[in-house]
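*Asks:* Got these off TrEMBL a minute ago, pasting:
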- 8-18: compositional bias 'Low complexity' (COMPBIAS)
- 45-465: domain 'Major facilitator superfamily (MFS) profile' (DOMAIN)
- 1-32: region 'Disordered' (REGION)
- 45-68: transmembrane segment (TRANSMEM)
- 80-103: transmembrane segment (TRANSMEM)
- 110-126: transmembrane segment (TRANSMEM)
- 168-190: transmembrane segment (TRANSMEM)
- 196-218: transmembrane segment (TRANSMEM)
- 286-305: transmembrane segment (TRANSMEM)
- 325-347: transmembrane segment (TRANSMEM)
- 377-396: transmembrane segment (TRANSMEM)
- 408-430: transmembrane segment (TRANSMEM)
- 442-459: transmembrane segment (TRANSMEM)
Amino acid sequence: MEPGGRRGLASAGGLASATRKPRQEPGAGAEARAPGAGAVRARRFLLCLYLVGFLDLFGVSMVVPLLSLHVKSLGASPTVAGIVGSSYGILQLFSSTLVGCWSDVVGRRSSLLVCILFSALGYLILGASTNVFLFVLARVPVGIFKHTLSISRALLSDLVAEKERPLVIGQFNAASGVGFILGPMVGGYLTELDGGFYLTAFICFSVFILNAGLVWLFPWRDAELTSTEKGLPVGKNPTLWGKTDCEVQEAAAPCQSRASGKPARPPWVEVASTLRDMKSLIFSEMWDIFMVRLLMAVAAMLYYSNFVVGLQERFGVRPRAAGYLISYSSALGALAGLALGPILRLYRHDGHAVLLHSSALTCLLLLLHAATHTVAVAVLCASLLAVSTAVGRTCITDLQLAAGGAQASGTVIGVGQSVTAVGRIVAPLLSGVAQEVSPCGPPSLGAVLALVAIFIMSVNRPRYGRGGRDKLKSE
């Protein structure tokens with residue numbers, strides 16, 4: 001693959017798409033002529049992906065709120081519990097980019113199945129953890145392979161047109177958010193039973209096995225046929241099903257090497273090659289996008305990490321009431337994903353403007369939350385913050401994919417998840433220091449970081465204005 005990152009990927013993608021002829025399946029022409037047949041197949045496949053996202057966060061959110069209680073019940077000190085909790089973020093930091101790049105090489109189907117099954121193994125071990133060692137061991141496969149949502153978003157990027165991508169990703173986030181709303185309630189109920197944590201972990205394992213079966217039974221052929229039809233909003237990339245090397249990558253070097261009589265390179269060589277090509281792209285062209293993602297992620301984490309404690313110390317709100325407020329905010333965040341379509345139409349599909357304004361709203365709400373002395377204003381801030389952060393997350397993901405190109409969407413999303421993992425490591429430390437100064441310290445510091453992100457976006461706005469995406473892709 002030639003130096004220059006994006007140029008090499010783009011030119012290879014153009015060659016592959018120019019030389020490949022779509023395969024004709026029996027009856028495919030009749031289906032293509034049937035009005036709406038392709039749209040129905042596309043919608044069915046998207047709904048399957050939404051269900052995968054729902055089940056993933058439903059299973060995880062049943063267990064995650066109980067982890068700190070369980071590890072302390074095993075005799076771990078607060079320091080050890082903190083180290084164990086940080087280990088997940090550290091593993092995600094190093095594995096997100098590698099797994100995303102790997103999914104670009106071997107295909108979405110194979111990578112999804114492997115990630116779901118190994119995550120299920122981790123929760124199975126967690127359900128059998130009767131000591132701290134088994135607890136730590138259970139977090140290793142989850143920390144390395146828990147990338148179901150990232151690969152699903154990359155698959156959505158492969159399937160839909162660029163104009164439809166923010167809306168579809170917003171709907172996917174909404175479906176996943178519903179799982180995060182229901183999971184804690186189910187887990188909280190089960191944990192009150194005898195051996196409730198172990199039962200909850202086993203149910204989480206069963207949910208992941210069910211998810212793996214769903215991915216295995218996906219109508220992949222329907223999606224591939226849909227992607228070859230013309231005039232549909234989906235199907236810009238009929239690859240990444242994990243069938244053969246030539247079907248795995250649009251810009252696949254193995255396909256080119258076969259055409260020239262050279263043997264295909266192993267997947268790990270392809271992963272290393274893609275990472276080298278992406279390095280220059282990320283550090284030269286996309287540094288501002290990832291910096292904004294990091295700053296906004298840390299700002300949100302600073303707010304949520306001390307949310308319950310802050311409400312209790314400042315307003316005397318009981319933890320149960322704070323939990324209800326968290327569920328209410330999560331529901332609003334899910335609804336925000338569904339409302340992203342009208343918002344984008346209002347902004348004429350200018351994702352950078354939506355991100356800029358949502359970040360500005362987040363900054364103002366964090367300042368208001370830090371300065372308020374009434375519970376009503378704090379609840380209002382929590383409600384609006386759930387909406388602004390949900391919209392911001394979707395828009396920053398769309399900007400990453402637009403700048404990075406469709407050929408390495410898994411790698412781009414993986415790098416973004418690694419950036420978020422850095423935030424998970426840094427945010428607790430900053431939050432603790434700010435909390436020592438004042439109960440209002442974490443949201444105040446978050447507002448400062450959001451302000452820095454707004455400044456970076458404002459300075460680099462010419463690159464992401466109307467037509468900025470095409471400029472980035474052609475550089």
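Note: Cβ is positioned from N, Cα and C throughout, glycine not excepted.
Note that TrEMBL annotation is computational and uncurated.
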*Asks:* Which stretch, 110-126, 168-190, 286-305, 325-347, 408-430, tops the Cβ pairs under 8 Å count with the transmembrane segment (196-218)?
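*Replies:* The stretch I would name here is 110-126.
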*Asks:* Let me spell it out: take the transmembrane segment (286-305), skip the flanking residues so only those 6+ beyond its ends count, and list any with a Cβ under 8 Å from a Cβ in it.
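*Replies:* Sequence-distant neighbours of the transmembrane segment (286-305): 355, 359, 362-363, 366, 369, 385, 389, 392, 396, 399-400, 403-404, 415-416, 419-420, 422-424, 426-428, 430-431, 434, 442-443, 445-447, 449-450, 452-453, 456-457, 460.
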*Asks:* Over the domain 'Major facilitator superfamily (MFS) profile' (45-465), work out the mean pLDDT and round it to an integer.
*Replies:* 81
*Asks:* Would the transmembrane segment (110-126) and the transmembrane segment (80-103) count as touching if the test is at least 3 Cβ pairs under 8 Å, pairs 6 or more apart?
*Replies:* yes
*Asks:* Counting only residues 6+ away from its ends, which parts of the chain sit with a Cβ under 8 Å from the transmembrane segment (45-68)?
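*Replies:* Non-local partners: 81, 85, 112, 116, 123, 126, 146, 148-149, 152, 155-156, 159, 168, 171-173, 175-180, 182-184, 186-188, 190-191, 197, 200-201, 203-204, 207-208, 210-211, 214-215, 218-219, 222-223, 226, 234.
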*Asks:* Hey, which bits of the same chain come close to the transmembrane segment (80-103), Cβ under 8 Å, at least six residues off its ends?
*Replies:* 67-68, 71-72, 111-112, 115, 132, 135-136, 139-140, 142-147, 150-151, 154, 240, 267, 271, 274-275, 278, 408, 410-418, 421-422, 424-425, 428
